[in-house]
There are 2 protein chains.
Amino acid sequence: MLYLVGLGLSDETDITIKGLDIVKRASRVYLEAYTSILLVDKEILEKYYGREVIIADREMVESASDDILHDAQNIDVAFLVVGDPFGATTHTDLILRARSLSIPTTSIPNASILSAIGATGLQLYNFGQTVSMVFFTETWKPASFYDRVRENRNIGLHTLILLDIKVKEQSLENMSRGRKVYEPPRYMTVGQCCVQMLEVEGMKGEGGEGLGGVYGEESLAVGAARVGGRTEKFVSGTLKQLCESDEVLGGPLHSLVLLGRRTHELEHDYVREFAVDTEVWDRIWKRDYEGQT
Amino acid sequence: MLYLVGLGLSDETDITIKGLDIVKRASRVYLEAYTSILLVDKEILEKYYGREVIIADREMVESASDDILHDAQNIDVAFLVVGDPFGATTHTDLILRARSLSIPTTSIPNASILSAIGATGLQLYNFGQTVSMVFFTETWKPASFYDRVRENRNIGLHTLILLDIKVKEQSLENMSRGRKVYEPPRYMTVGQCCVQMLEVEGMKGEGGEGLGGVYGEESLAVGAARVGGRTEKFVSGTLKQLCESDEVLGGPLHSLVLLGRRTHELEHDYVREFAVDTEVWDRIWKRDYEGQT
């Protein structure tokens, strides 16, 4: 049996009782370590589980999945995924490969950022499609997120924006020379995301909201850090304000929610507690959000 | 401290290690028992936790929340919620009330149907807003879901439809006579949901998809039962076919996903495994979904 076990969002104690039981008795245990990360190291997990954990990087999962699945017709293999097992496409792919090898599969759900983001106080019913933001470079600024945010905002919905992480990446130079030397991990911050969003709006839109754009410097948003963890932190404000929020938010992982206009009074009451500047928040809320449908 | 502890979706072993630790040491433990249910009884939870669990029905949470919060400035109170603590609006409300009483709060995330539905193989990035379907009566057929499904389908997105549950409801007669006699619990099935959806399409649309309607008898969907549980079951087919799927799906809880046209090949490969009739599925997929953007 192949078990896909969700680990939740924060530390070693976020695994479920059912999940931990499987980890303890599986023949091999892999940890998927490139679409998301826990806030604790592999060593802490190993100590907690009382056993070895094999790190499965992108290369292994995408090109050596048969190693992971080896003999799983006869033995139990646990594949651990931060958050919920179905958060990333890769895992669907792994299950399809298991199916084609007649290996039965079971998944153990856990918290995902897609639902845990409800801790901002924003109603999950008011969210549209989720988008991702990648690190821009000088020459590569993919803006497909922009059209999807537009679709959400056209119908008044919030957008959860998941932020890029770069783990075990090679520099172009090392890659071209075939050197397996990896850069330090990088995690996009809410500040970087807001800067990139405003940059794209500047290129694609016509000067922001109300002028043909999708959003603007005064659009309201909530920055989230370490959701579900003991040091969880939220900051709400305008996109412009959140460009400067990294220090308040602290370490990774970060996510961002851009508000839609279709809001509920309870959302307002809840989210304004996190405002960088309550006066600004209230003024813009009243002007652009309150009572909109 | 008020702890909102997510219980996950299925049985007593879906709680996290962190959550169980809190339940074991809290002074009082409440179980929210009207927006969703676990597949096991309160007695099993009490035995597993080794302590008493107080059932919090809608009446208690909405009008006697101060009892729940009593003395939580000084002691720990655990409020258990099936799924994730932020799945229902009510809990946001409870936290706001705690805040106003200067009671600190912490939430322990867990699996929610909103992310666990990824087990259908449908990509969570391709979902729009989530809607709810309530039990229709002869005279009350609320159709607000219809416009939201339209919004999702206009931009090619899947829609998760959460199905009504009726727990501790009074008949009109008992209510009017003030008798606290309650009806047996009812859980909407995928079949009932599909029948109601087609009924509304018949009233509001103009004969289904392609003719001014939002969806039709041949729209593809996936019925899900007991997601995340050991007896989890999926059935895919047309809305017409799924009207008859209750026997195959088995007991509660059920949910439904109506597919959007913006699909990924991996989704196709995964979901067709669950098809009532693979020939029908493939024909409609090819005609209406494949390669659409």
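Including glycine, each Cβ sits where the backbone N, Cα and C put it.
Per TrEMBL, the feature domain 'Tetrapyrrole methylase' maps to B:1-177.
Here the Cβ of B:Ser112 (S-adenosyl-L-methionine binding site) has 31 other Cβ atoms within 10 Å, regardless of which shown protein chain they belong to. Positions annotated as S-adenosyl-L-methionine binding site by TrEMBL: B:Leu9, B:Asp84, B:Gly87, B:Ser112, B:Ile113, B:Leu163, B:Val227, B:His254.
Secondary structure from DSSP puts B:Leu163 (S-adenosyl-L-methionine binding site) in a beta strand.
Between the candidate binding-site residues, B:Asp84, B:Leu163, the densest Cβ environment within 10 Å is the one around B:Asp84.
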